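Notes to accompany the following structure.
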Amino acid sequence: MLFDKIVRPALYRLHRHDAEAVHERTVRLLSRVGTIGPMTTALRRHYRIDDPCTVFGIRFPNRLGLAAGMDKDGRALKAWSALGFGFVEVGTVTWHAQPGNPRPRLFALSDSDAVINRMGFNNAGATALAQRLDAAGPLDVPLGISIGKSKVTPVEDAIADYRNSLVALHPYADYVAINVSSPNTPGLRKLQDRGALTELLTELSRTAHELADKAGRGPTPLLVKVAPDLSFDAIAELLDVCTEHKVAGIIATNTTLARDGLAPGDARFVEEQGGLSGRPLAARALDVVRFIHEQAGDSLPIIGVGGISGPDDALRMLDAGASLLQVFTAFALHGPGVVKRINSRLAPRSAAAR
């Protein structure tokens, strides 16, 4: 409540309602917080709730993670677990550093509890992220790394682009998310088609096993992130390809191009290009998670993401078949209190089930 009533309004006034400036300031602040031991200890004592589980062979302190997009370049790594997250996904990062799309490209739709972004994978590149992760050392929660295609790379050369990022980042990742579903990179969603996805997963799976053999350990789990705008028939085809290539799991879903469910006060944003996240996505994300679970069962564990704004949404997502959850928009709009509220509801249920 403090964040909603005081902190967030002050940040938006300070930055003249520039959502991206608020985002950047938040990450910069948290990057500093992560270097102050007594502060992270105090935050962890307040926000951290243990609800351990094992998914993809990885032990998670709790089921709620930070979705990709909040900390693309891994600048605030030490702060996220102190705010209660059970895992962190950085990125999406690309092989080539890139500035992303022109500003403005991030819009907060407060009445709809939503965000529209057309960021375009702005990031410092896979090599820079690897260097930062190397300097940071081990984290106390699992780290996922989302990789995508560089804008300068033609779709026909995408496999090498993804492979380069995987090679650079695999030593630091507990899992790697293959982002083929962002609506903000031209041609990217074509990689969800059966033929293109088959070729991509064949190469990335082979590479992951080669890297694992050299390192003397098991391969880094590969997950595929899917779009909510795919038809169920297209999702079923995608799941067939993922199963054939022994993908570790699915992240469902990315942002949507649809504009259903916006509040009247946000009608001016309907024509803004980009992906919509937040509460209006909740119903579709839930349907996609349920469909994936019905089709694949436990063979493809799901990270459920999209429209989770509070404990009830989180519980519905788990009931639909998700094994883990992620939030981004809820955290961006309402602060870390939402993380604690969700985990406070999930932990007793998990304890009762054990």
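Cβ coordinates are placed from backbone N, Cα and C, and glycine is handled just like the others.
Record note: TrEMBL gives A68, G69, M70, D71, K72, S146, N179, K225, T253, G278, G307, F328, T329 as FMN-binding, and the candidate from T92, T127, T198, T207 in that site is T92. For the FMN site listed in the record, the two most distant Cα atoms among A68, G69, M70, D71, K72, T92, S146, N179, K225, T253, G278, G307, F328, T329 lie 20 Å apart.
Reported as a whole number, the C-alpha separation between F328 (FMN binding site) and N254 (substrate binding site) equals 11 Å. Applying an 8 A CB threshold to same-chain residues 6+ apart, the list for N179 (substrate binding site) reads A68, G91, T92, S146, I147, G148, L188, K225, N254. A C-beta separation below 8 Å, combined with a sequence spacing of at least six in one chain, links G278 (FMN binding site) to L109, S112, D113, A114, V115, G307, S309, T329, A330, L333.
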